[in-house]
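Student: Structure provided below as structure tokens; questions to follow.
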Amino acid sequence: MLTNRDTWILILTGLITSIIFTATYLLQLSAFMYVIFPLLVGLLFALSYNGRNVSELLGSSFFVALLLSIPFRGYGIWESEGTSHINLLIFYPVLVYITHCFHYTYHHNGGHWNMSYALLFEAAWNTLILLLFGTLFMYLSGNLILYPSFLFDSIYSSFLYNRVSTNGAFSLFLILFLLFLGIGIGQYNIKVLHQLRFILRTCMYYFLPFLVLTSVTFFILFWQNTDLNPNIIISAFFDLTLVSILFLNAYYQFGNNEKKQLAWLNGLLRGYKVFLLIMILIANYYAFRYMSLEFNQLICLTIAFFLGCIYAYSAFRPGKEAQKIMEEGNKYLAIVFMTALYLAIFPSFDFTVNQDKAPLSIWDGADYIRKHAFQDS
């Protein structure tokens with residue numbers, strides 16, 4: 001449990017980070033490394049803070065932020081175009097998130113590398129909850145400041161309105177500071193926010209039948225429409241795979257004691273693990289046979305395949321052993337995934353497989369599915 005002093009440290013961290021980040025905007029620094037580095041330091045420090053070993057945490061935050069920023073040395077913010085720019089916006093936050101989870105685990109483990117899966121899982125879910133709470137706080141607080149500015153402007157007092165609505169630097173500073181303020185409040189009340197994980201656990205119990213029904217129904221309809229655009233097939237199976245992996249990890253977050261009361265789910269869960277591997281194999285088959293793949297897409301498909309194999313293998317093992325297999329598989333594949341994504345940032349790893357075929361775009365496939373659904377309705 002953090003004290004009021006710890007909360008003020010986090011608020012000061014947010015204030016300093018916001019000032020430095022706003023200064024890079026005012027100085028018109030175009031190199032991505034100089035823009036992203038102070039923000040990464042502030043986020044890594046604030047999201048991993050627990051009131052202990054503060055100087056060590058600050059040093060490790062600087063080191064990790066530097067490693068994550070080095071690939072962008074000399075990289076202009078607006079230089080990237082097309083799909084490479086979109087992929088960077090997608091995969092770089094994923095890389096930062098995974099790296100932060102290991103950094104969080106390292107710090108909360110007292111600076112030791114023998115990382116437990118329980119801490120790694122705590123890092124992933126606590127960070128997600130803190131970011132959601134911080135974003136919500138930022139949005140609500142921003143509106144509470146914005147609406148009075150309109151009222152004051154209506155009576156010819158436009159100072160606040162000009163600062164909030166027309167001053168880009170002040171708006172940027174305010175948004176970042178409110179985000180860090182929300183994270184600080186969330187850290188102070190982390191035990192309260194922790195209860196959201198219990199709600200999530202309960203949801204996972206009753207979500208499984210609907211997930212199985214959706215996947216099986218789509219699988220049956222897929223065999224009746226195998227002449228669809230491969231991009232659409234891959235997008236649909238990829239979405240189901242992503243949701244399934246998130247579900248399985250959320251389902252196992254509290255061990256087996258609670259699941260004994262719902263033993264009827266175990267058989268369904270084991271069967272779904274095997275079915276998940278089948279969906280991943282179909283997605284990989286269509287991707288490698290019909291589409292051209294960029295390096296980061298190749299990484300995602302490969303990691304998904306190995307995850308599917310591990311989960312399917314665990315389906316044939318007893319409860320505690322199955323959970324151990326999934327935990328170890330998640331941990332080591334996360335390290336491989338993090339390393340591969342880091343390498344994918346460098347220009348030397350910018351290559352494409354099956355260049356003579358149409359490029360794979362999950363977004364185009366998902367957009368087609370969304371538009372088709374709206375047209376049918």
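Cβ coordinates are placed from backbone N, Cα and C, and glycine is handled just like the others.
Among the features that TrEMBL reports, transmembrane segment is placed at 7-26, 32-50, 57-78, 84-106, 118-140, 160-183, 204-226, 232-252, 272-289, 295-316, 332-349.
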Student: Using Cβ distances below 8 Å and needing 3 or more such pairs, separated by at least 6 in sequence, tell me whether the transmembrane segment (204-226) contacts the transmembrane segment (232-252).
Tutor: yes
Student: Could you tell me what the rest of the chain brings near the transmembrane segment (7-26), counting residues at least six beyond its ends with Cβ under 8 Å?
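Tutor: Residues packing against the transmembrane segment (7-26) from afar: 34-35, 38-39, 41-43, 45-46, 49, 54, 168-169, 172-173, 176-177, 179-181, 183-185, 187-188.
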Student: Determine which residues of the chain contact the transmembrane segment (118-140) at the Cβ level, with the cut-off under 8 Å and only residues 6 or more beyond its ends counted.
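Tutor: Answer is 47-48, 97, 100-102, 104-105, 108-109, 175, 178-183, 185-187, 190, 193-194, 196-197, 200, 249, 253, 331, 334.
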